[in-house]
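This report refers to the structure that appears directly beneath it.
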Amino acid sequence: MMDILQIFLSDSFWAASLRIATPLIFGVLGALLCERSGVLNLGIEGIFVVGAMMGWLTAYLTGSLWLGVIFAALSGGLFGLFHAVLTVPLGLSQHVSGLGITMFATALMSFSYRTIFPQVSTPPRIEPFRALDVPLLSDLPFLGPVLFQQTAMTWLALLLVALLWWIMDRTALGVAIKAVGDNPDAVNAQGLSVIRLRMGAVVAGSALMALGGAFLTMSAFDAFFFGMVNGRGWICIALVIFASWQPGKALLGALLFGMFDALQVRLQTEAGALIPGQVFLMVPYVLSIVALIIAARKADYPRALLQPWFKGQR
Amino acid sequence: MIEITPRENPSRLLTAGVPVLAAVLSLVLAAIPLAFAGAPILDAYGQMVTGVFGSAFAFTEMLTRATPLIFTGLAAAVAFKARLWNIGGEGQLYLGAMAAVWVGTGMIDGPPILMVPLVLLAGAIAGGLGMLGPAVLKTRFGADEVVTSLLLNFIILIFVQMMLEGPLKDPMSLGWPQSEPIVDAAVLPQLMEKMRLHAGFLLAIGTAVIAHVIMAMTVWGLKIRAVGENPAAAKHAGIPVTRVFLAVAFASGALAGLAGVSEVAGLKGYLTADLSPGFGYTGIVVAMLAGLSPLGVVASAIFIASVFVGTDSMSRAIGVSSFLADLTVSMSLICVLLGGFFARFRIRRLKAGEAA
């Protein structure tokens with residue numbers, strides 16, 4: 001028991017929680033934006049791979065990390081546009097299109113990596129984002145290591161939470177996006193374009209998802225590996241329901257998740273001899289299912305989620 | 001302006017032609033990544049064709065690869081018909097394989113007439129329960145089965161690794177995480193001398209025929225389709241929607257479980273954590289290419305297995321990454337999805353001044 005208390009008191013635990021939460025924050029925000037407009041984006045898992053690969057590759061070729069971040073977002077947006085075209089104007093199955101995008105994106109990135117780097121023994125590496133060193137603040141006890149020694153991408157994620165909250169709650173654009181996910185006919189009656197709003201939300205949301213992937217190769221690690229996304233996209237799809245499609249709760253959900261994940265790593269070192277390590281590896285996925293079960297009953301789905309809309313019908 | 005109107009009755013020819021066109025188109029599109037990789041394109045296609053049809057061995061290898069895909073394709077097709085999104089075929093495959101290994105490595109001893117049905121049954125039940133879980137979470141708590149069945153894939157794969165380093169580990173394996181071999185009596189026999197093709201293939205074909213008969217000719221099939229097309233109307237017509245939904249979930253999981261049994265008891269002989277290179281996920285493409293028709297699943301599984309086996313062989317000869325196969329398969333899924341749109345809708349360019 002003392003050990004667990006010690007874990008919760010250590011700054012490294014909280015720093016790790018925020019670090020683990022970062023890619024999920026990007027992903028949940030992206031999924032939130034898509035779903036608020038009425039489009040489920042199961043392409044998320046593949047778009048994470050796109051962000052991881054394109055961000056890393058750009059940084060590797062140009063030496064500029066921020067150029068990598070921009071390219072990751074642009075490439076993610078491009079795959080988002082693909083999903084948007086299939087599901088919004090064409091109104092095709094969002095489930096099948098999303099899974100198709102995930103398979104296509106994953107295969108394309110793996111093929112490209114293998115073609116560009118045929119049979120390398122050690123994966124090429126980049127110099128990743130370093131922990132920020134904010135004068136004075138980084139030296140604060142506890143808060144310093146937890147908040148002010150994270151990388152710039154973590155701060156970008158936190159800023160995006162605030163930005164998305166502001167857009168969704170305080171601007172006409174946010175009201176329109178939420179309305180188009182609830183009642184597209186009403187939006188159309190107001191003279192706004194349902195198609196453009198939805199496509200815009202899906203493209204922007206997908207760009208956010210790709211940043212989650214980019215964090216993995218450019219901040220958490222320094223190289224691209226096959227299978228490194230490892231279900232994080234799917235976890236985000238569960239977390240967005242847990243967050244009832246609200247940016248603030250999305251941050252909270254991702255942080256809670258990061259906490260549990262950081263905790264299991266530490267418990268693993270404590271109890272490793274008693275319990276097989278795999279039990280701990282299952283924790284993130286089990287937690288996601290549990291979160292889904294807790295949230296599902298009272299989940300207030302965007303009412304037009306999954307429903308295609310065609311101009312001039314009904 | 002462009003006007004999109006639903007076709008009155010999409011012709012049978014169009015509906016059947018779309019998947020074929022999608023498959024052909026995806027193969028043609030594969031030329032783009034081939035060109036990017038700097039490969040001699042025609043030569044590469046030639047290698048793919050000889051890789052599948054070049055010898056009797058190559059052809060039976062393709063059928064061997066198609067076997068698990070028929071099962072996972074059926075699993076997805078049956079579920080999707082009832083609008084049950086079972087994306088957990090990969091996990092259910094491993095559950096089936098684990099059950100087969102658990103029962104078939106010495107726990108019970110008996111003649112083949114007993115052992116073969118026993119491992120099949122064990123695998124089917126394990127896979128079925130693997131999908132019944134997410135289905136119950138859906139009907140009881142409203143938890144989306146897409147996400148739960150997907151996440152279960154990860155949990156089950158980690159569980160398999162745990163079992164292979166624990167209770168299921170072969171003490172004779174010199175430290176490799178693999179199970180003991182399946183006893184001879186439980187092995188699905190080879191169909192031909194010196195070929196790896198095994199009885200699992202015939203079983204898969206038989207299962208597809210049974211699934212076709214059930215879906216097309218029985219009250220059960222009617223109920224499943226009714227639930228998929230309009231749950232509210234089905235309920236109104238007195239169909240026990242929840243019960244049908246759960247039964248479909250079990251059947252779908254059981255089919256994916258059989259894929260695992262077939263791989264373990266027919267091909268590999270023992271279980272490892274890399275038994276399946278994503279057969280569960282590819283099953284979704286197989287089902288979509290088949291238009292969710294059980295007999296169509298056989299054809300599309302053979303097409304996709306050909307893509308994999310042909311690309312593997314081409315990859316060995318020319319050195320282009322074998323990820324090309326995954327790329328082609330994913331493109332065929334997107335093509336068939338798009339094709340479905342053109343089969344269902346008529347697209348017409350409106351002249352200036354013409355009303356929509």
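Note that Cβ sites are derived from N, Cα and C of the backbone, with glycine treated the same way.
Bear in mind that TrEMBL entries carry predicted annotations, made automatically and left uncurated.
Predicted, not measured: the structure shown is a model, and the values here were computed from it.
Database features, via TrEMBL:
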TRANSMEM  B:20-42  transmembrane segment
TRANSMEM  B:62-80  transmembrane segment
TRANSMEM  B:92-108  transmembrane segment
TRANSMEM  B:114-137  transmembrane segment
TRANSMEM  B:146-164  transmembrane segment
TRANSMEM  B:197-220  transmembrane segment
TRANSMEM  B:241-261  transmembrane segment
TRANSMEM  B:281-311  transmembrane segment
TRANSMEM  B:323-343  transmembrane segment
Intrachain residues whose Cβ lies under 8 Å of the transmembrane segment (B:146-164), provided they are six or more past its termini: 85-88, 90-92, 94-95, 97-98, 130-131, 133-134, 137-138, 177-179, 271-273, 280
Cβ-based contact of the transmembrane segment (B:281-311) with the transmembrane segment (B:92-108), 3 or more pairs under 8 Å: no
Contact call for the transmembrane segment (B:241-261) and the transmembrane segment (B:197-220): at least 3 Cβ pairs under 8 Å, seq gap 6+: yes
Tertiary contacts of the transmembrane segment (B:114-137), as residues 6+ beyond its ends and Cβ separation under 8 Å: 75, 79, 84, 86, 88, 91-93, 95-100, 102-104, 108, 143, 145, 148-149, 152, 156, 182-183, 185-186, 188, 203, 245-246, 248-258, 260-261, 265
Distal contacts, the transmembrane segment (B:62-80) - CB-CB under 8 A, six or more residues away: 52, 86, 89, 92-93, 127, 131, 196-198, 200-201, 204-205, 207-208, 211, 215, 224, 228, 248-249, 251-253, 255-256, 258-260, 262-263, 266-267, 276, 279-280, 282-284, 286-288, 290, 292-294, 297-298, 300-302, 304-306, 308-310
